[in-house]
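Positions annotated as NADP(+) binding site by Swiss-Prot: 46, 89, 90, 144. Per Swiss-Prot, the feature substrate binding site maps to 174, 178, 212, 231, 334; the stated evidence is sequence analysis. Per Swiss-Prot, active site, proton acceptor is recorded for 236.
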């Protein structure tokens, strides 16, 4: 059952995320008739606009970032009329009355989206409270990063929960809005084919890769203070681990799903001072070639020395009955050869081959779930090659390919934020992250960082356009595992 609000407040509405993702997502929902006709979207930032001026600004953002086949003049005009604007200094609580004047009755519900730096959260919450916009009918969405470690994350969450209850807080991880990520739950729990094998008896190992070809790309200040472990592993990749490893929830209600995810985070085997050398690899890209062009190294781009990692590979374990003994190899990095996010589940080989050795080597079955750039699900199978085979069957590994883009080519491809924005407006918290999840994630991440510090581990330089340091290959190879590149 939905609980739709009548007003949305969008902080940071002139920022890059708003222009590229948030405003286009809201437009897409409205163009498809998924937003109420009387929904008011109150936008705010420090930029000096009136409502008409901001509507002009928003129109330019839509023209630039919405796919041309989704743009429609009538739909655009209808959406722009939903937008209202007030210039507000988020650090001055007395200015929030301007937002209250634009919002109308709060009892009809308000969805508040803080697309701002975490350092501004407390000021925003104080202003919302003072203006009467933080009552029981409000819900609050927070963009990452939610802290730099457990202590700072707790500080943010404590400040938020002094005013809002946990059920009012919607912590965003945009990976959870991706269609293929959501499809992982359907794949696992909607098909009898996989569940009997989805455990340590049937699965040899799991690989999760999130690879980027870009370097800093304008994120110098944030990224150098964060690094790949905190930027990507703590949030996106650990959420993917949870969706692969979680037990079936009783139903698809928000807390039922999140209860099972947090059990996975708490079951992650700690990586400490004694195991960081054997279970983690860190790297930092040097100069090289990316996209056919010569590119500078990280330190040259940054303009100063830095020990921040731009690549990390980890051998992780989930210590419970289902997954005992199954390694999860995870890696992420910048300036890698391809932009790709994927999960590869490798099943155990057949216990005995009945086929002639001259027919080829049996390969273990694999399930490959590609999240980006294309949304694809593939399964590898061994088949017999056509022929008379007088000396025994000749076998080959082939991939059964389910391209969601092709299968559902008559459906619009939505960006992840469309789903998340709609769920926020309608009050469905399933794809948002609960506080205990965040805390359990940070406990594991902090242990790794403490191990790096205690052992004075520094990132190893790798050439841009390669798959990270050679030690990352060795991390898997010494277990007889090859990264799926």
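Glycine residues also receive a Cβ, built from the backbone N, Cα and C atoms like all the rest.
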My understanding is the cutoff is Cβ-Cβ under 8 Å with a sequence separation of 6 or more in the same chain; which residues meet that for residue 46 (NADP(+) binding site)?
87, 88, 89, 90
If you measure residue 334 (substrate binding site) to residue 236 (active site, proton acceptor) at Cα, how many Å is it?
15
The number of other Cβ atoms within 10 Å of the Cβ of residue 231 (substrate binding site), counted over all protein chains shown, is 22
How big is the Cα-to-Cα gap, in Å, between residue 174 (substrate binding site) and residue 144 (NADP(+) binding site)?
9
Rank the binding-site residues 89, 212 by the number of other Cβ atoms within 10 Å of each Cβ and report the first-ranked residue.
212
For the recorded positions 144, 236, the one whose C-beta sees the most other C-beta atoms within 10 angstroms:
236
Minimum Cβ neighbour count within 10 Å among the binding-site residues 174, 178, 334: which residue?
174
Closest by Cα to residue 144 (NADP(+) binding site), out of the binding-site residues 178, 212, 231, is 231
Express in Å, rounded to the nearest integer, the largest CA to CA distance found among the NADP(+)-binding residues 46, 89, 90, 144 named in the record.
21
